[in-house]
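*Asks:* Supplied in C-alpha cells, the structure appears directly below.
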Amino acid sequence: MGIQAAEISAILKDQIKNFGQEAEVAEIGRVLSVGDGIARVYGLDNVQAGEMVEFPGGIMGMALNLESDNVGVVIFGSDRDIKEGDTVKRTNSIVDVPAGPELLGRVVDGLGNPLDGKGPIEAKERKVADVKAPGIIPRKSVHEPMATGLKSVDAMIPVGRGQRELIIGDRQTGKTAIALDTILNQKSYNDAAGDDDSKKLYCVYVAVGQKRSTVAQLVKKLEESGAMEYSIVVAATASDPAPMQFLAPYAATAMAEYFRDSGKHALIIYDDLSKQAVAYRQMSLLLRRPPGREAYPGDVFYLHSRLLERSAKLNEDFGAGSLTALPIIETQGGDVSAFIPTNVISITDGQIFLETELFYQGIRPAVNTGLSVSRVGSSAQTDAMSSVAGPVKLSLAQYREMAAFAQFGSDLDAATQQLLARGARLTELMKQPQYSPLTNSEIVCIIFAGTNGYLDKVDVKEVGRYEAELLTFLRSKKADFLQWITDEDPKFKKGEPVEKMKAVLDEFAADFA
C-alpha cells in the first residue's frame, strides 16, 4: 500500500513543526503506600538523602530513608491528595531556602514561602537548609556583648555575640517574653548604628509547634514596635505537618547564616526545640527507625548539636560576622534532667533557668540566679557592667540561702540582717515589666545604686518607685552622663568613674522622698 503525496506533506509538516523540541527527561518513582505524612516510593534509585521530590499537584517531600527496595519520603503538606501509584519526580536539589535582606520584615514557612500576604519574596540567593557548621579555624572566642535589655540577664547571665544561651523553664514562665524583649531591645542599637551594618543585629524568630494566634500576636507586637524591619519570622505552627516543624529551625538558621557570612551580626531564637524533637520522633517512628530513650531516635542529640553548632563568632579573615542563638526548651514539672533538656544544656554555652515558683511570687523575669549560668558571656560584658554587676550574683545567692534559714530563727546578728535587707531590695530591683528593655548605661546606674547602699534606707515596697524616678531623672537631666558611661567604658576597669556615679546618685537621693 503506497503513501499518497498529501500524506507525505502532512508527515513532513508534522516533523518540521516538532523539530528541536526535546523530550523532558526526569527520574520518576511510584508511590507504594502513603499515610501519616510518610510516603514509601519505589523506583528512585539515585535519589540523594535530604533531596526534594515532587508529588502530583506540586506537593513537595524530602527523601529521608534510603532503603534497598524503596525510599521513605516525608511530605511537606497534606498527604490526602497523594495516592498509591502516583508518580514522584526527583528535583536533583537538596532542600534549600531563600536568603538575603529581602526576607526582612516577612513571615515565612519552613520552606521560605510567604505567609503574610505581602506578595512573593524576590530573594537573589538560596541557601541549603542543613549545612555543615563552621570548623575550628574560622571561629573566634566570643568578646562582644549582645544586650537583652533585661537587668537580671545583662548583669548576671550576660550573652555575647556568637554565644548559644539556652532559655529553659516550665510552660508559662516567660521564656518567649525574654526572647521577644531581646528583639525589641535591638531597635535602639540598630537605629544608632545608622548605615553601619557591622554594628546592627538582625533577628530571626522561629516558631515551632506554636498556636497560630500566638505567632500572630508576636508579629503584631514586632510591627507596632518597628522591630519587623530588622527581623524575619519563620513559622511552623501546631497545625503544620511534623516534617515542616522539623525543618523550620534548619531553614531559619540558613537565613540567619546569610548575615553571619556577610560580616554582619544575627540573632536566632528557636521557640522551642522540645517541639522540634517531638516532631522528629514522630517522623522517625513512622519511618520505622529504632526508638531509644523516651522513644526518641538515637540521633536526637545530633539533631540539635548540628543545628546549634552553626551559631558562632567568626574571625576577621572570614568577615568577623556572628550568629547568636537563644534556643528555648520547655521542661515538664521543672525536670531539667529529662533527655532533651540535658542534651541541649550540654550543647549550649549556658542557660537562663526560669522557675514557676518565682513567676507566681511576682519576680518577673523569673530567673533562678543560682541555677542560671553563662559560660562565655562574662568576657563579652562591658567593663562598666562587669565592674558593678560582680557583687550582685553573690549577694542574691547568699540572700536566697540565708532567707531559707532565717525562717527558723529570729535572733539574727547585724551582718545577717544587713545581708537579708539588701538581698530583698536587690530581688525587688531585678523585677522588670515586659516590653520595657533598658540600655546598658541605665542598668549600670540601677545596679550601682543597689550594691552601694543607696536602697538600704528605701522601703522594699518603694524600690520600684525609686527605680522609675531614677530612670526619669537620668533620661531627662543626665542624658549626657548616660552617654559618658558608654564612652568611658574602659575606665571602669580602674574604678575611676565611681566618684562621678556616686555624685549623680547623691544628687538624686536628695530629691527622692
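For all residues, glycine too, the Cβ spot is worked out from N, Cα and C.
A quick note: this is a predicted structure, and the numbers were derived from the prediction, not measured.
For reference, Swiss-Prot lists these features for the protein:
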BINDING   GLY169, ASP170, ARG171, GLN172, THR173, GLY174, LYS175, THR176  ATP binding site
SITE      SER372  site 'Required for activity'
*Asks:* Compile a sequence-ordered list of residues in the same chain as GLN172 (ATP binding site), six or more apart from it, whose Cβ lies below 8 A from its Cβ; state 'none' when nothing qualifies.
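*Replies:* Listed in sequence order: THR356, PHE359.
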*Asks:* Once near-sequence residues are set aside, which residues in the chain of SER372 (site 'Required for activity'), 6 or more away, have Cβ atoms under 8 Å from its Cβ?
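*Replies:* Listed in sequence order, they are MET156, ILE157, GLY350, GLN351, ILE352, PHE353.
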*Asks:* Neighbours of the ATP site GLY169, ASP170, ARG171, GLN172, THR173, GLY174, LYS175, THR176: Cβ within 8 Å of the Cβ centroid, same chain, sequence order.
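*Replies:* After dropping the recorded site residues, what remains is GLU330, LEU354, THR356, PHE359, ALA366.
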*Asks:* Compile a sequence-ordered list of residues in the same chain as THR173 (ATP binding site), six or more apart from it, whose Cβ lies below 8 A from its Cβ; state 'none' when nothing qualifies.
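*Replies:* Those within reach of THR173 (ATP binding site), by Cβ under 8 Å and sequence separation of 6 or more, are LEU354, GLU355, THR356, PHE359, ALA366.
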*Asks:* Taking only same-chain residues 6+ apart in sequence, whose CB is under 8 Å from that of GLY169 (ATP binding site), what do you get?
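*Replies:* GLY169 (ATP binding site) has long-range Cβ partners LYS175, GLU330, THR331, PHE353, LEU354, GLU355, THR356, ALA366.
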*Asks:* Let me know the most crowded of the binding-site residues, choosing from ARG171, LYS175 and counting other Cβ atoms within 10 Å.
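*Replies:* Of the binding-site residues ARG171, LYS175, the most buried by Cβ count within 10 Å is LYS175.
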*Asks:* Around ASP170 (ATP binding site), how many other CB atoms lie within 10 A of its CB?
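*Replies:* Step by step: centre on the Cβ of ASP170 (ATP binding site), count other Cβ atoms within 10 Å, giving 18.
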*Asks:* Once near-sequence residues are set aside, which residues in the chain of GLY174 (ATP binding site), 6 or more away, have Cβ atoms under 8 Å from its Cβ?
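*Replies:* Long-range Cβ contacts: LEU354, PHE359, ARG364, PRO365, ALA366, GLN434.
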